[in-house]
Structure formats: C-alpha cells, structure tokens
C-alpha cells in the first residue's frame, strides 16, 4: 500500500472516531432549555432592539418567565403583549407609558457626511441599513424599527432619528384594536303545527 493511501484511511478513521465522540458528547451533555422561554421568544418580534431594557428578545423572554411584566416591548405592540399575557396567564396591561408616548422614529443617514465605516450596518439588528465599506449607507425606512442602536457607533455622528407621521402611504389598520363581539348561533326549535 502506498503511504498516501494509508494516510487518507488513517485520517478518515480519526475523523469518524472524533465525529462519533462529539455526537455522543452532544447527547450526553445536552442542556435542556425552558420550553416556556422558547414559546415567549417565538412570540416576541426578534428585533433585538433593547427598548424593553434587556439586550435582546431572549433575555426579555427569560425575564418574563421569571415574573417580569409583559408590557415592555414597543415593537411588538399591543397584539404581542396580549399573546404574552395569555401564555403567562396574567392580565394584559397597557403598553409601557414611555413606549406609548413616543412617536415612531426611523434612522436617517446624512449621506453626504457618511464615511462608509459600516459600524451602523453591524449595529442594526434587523438589517435595515444597506451600503458597503468606504461607500455611503442608507436606511430602508420600511424595515427600520427605530431602535436607535445605530446612532451611537457612528464615528461622524451622521445618523438622526426622525419621527414618522402617519399618512395615506404608511397608515394601516390596527385590526387587533377593533372591538369584535362573537355571537354564537343557537339551534332553533322546530315549530310544531
């Protein structure tokens, strides 16, 4: 047998052995997550914006599971808060007062001042900023959640948070806010004649 063939067979057997060893270790030392936290995290909008006071949606879900309030997620809105309250078996509360008083804002990059450092792109949790290194960047306003995380890393301070007023182009129905009464039909008794 040639030396090359022996080396290939030996490396293949080593790779197979270590693969089986890693697979066994993954099963043996598996850490079970909290299923309630997983369900809560699935309900949250996954913007990782930090407006709730936690660094992301997973830490906020863990805090809710440990008894924190369910009304701290402005991007999720009332619908998300009601789903969280239903899952946790608590009464829905109005959204956090700070979140309600704020007008929706989106990031705006003054493109003539942008140096293309990409720090804002790296900071954006929803990939709402596009651009390339050494070229100007711009914000996709439809995707921007207004989390404000892109402002601080900008070395030339060319990002502003601009309030967005509602107009005919960006207004949409808040269907969950419309009160609806469900009426159940009762079977009518047959009239005897």
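From the backbone N, Cα and C atoms, a Cβ is placed for every residue, glycine too.
According to Swiss-Prot, the features are:
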| type | residues | note |
| --- | --- | --- |
| BINDING | 49, 52, 57, 73 | [4Fe-4S] cluster 1 binding site |
| BINDING | 114, 117, 120, 154 | [4Fe-4S] cluster 2 binding site |
| BINDING | 124, 144, 147, 150 | [4Fe-4S] cluster 3 binding site |
| DOMAIN | 32-90 | domain '4Fe-4S' |
| DOMAIN | 105-134 | domain '4Fe-4S ferredoxin-type 1' |
| DOMAIN | 136-164 | domain '4Fe-4S ferredoxin-type 2' |
| REGION | 1-26 | region 'Hydrophobic' |
Average the pLDDT scores across the domain '4Fe-4S ferredoxin-type 1' (105-134) and report the rounded value. 92
Given the binding-site residues 52, 73, 114, 117, 120, which lie close to residue 150 ([4Fe-4S] cluster 3 binding site), meaning Cα to Cα within 10 A? 120
With the fewest other Cβ atoms within 10 Å, the residue among the binding-site residues 73, 114, 120, 124, 150 is 114
Near-site residues: [4Fe-4S] cluster 1, ref 49, 52, 57, 73, CB cutoff 8 A to centroid: 44, 45, 47, 48, 50, 51, 54, 56, 60, 72, 74, 75, 76
Residue 49 ([4Fe-4S] cluster 1 binding site) CB neighbourhood, other CB atoms within 10 A: 22
Find, for the listed binding-site residues 52, 144, 147, 154, the residue with the lowest Cβ contact count at a 10 Å cut-off, counting only other Cβ atoms. 154
List every residue in the same chain as residue 117 ([4Fe-4S] cluster 2 binding site), at least 6 positions away in sequence, whose Cβ is under 8 Å from its Cβ. 133, 154, 155, 156
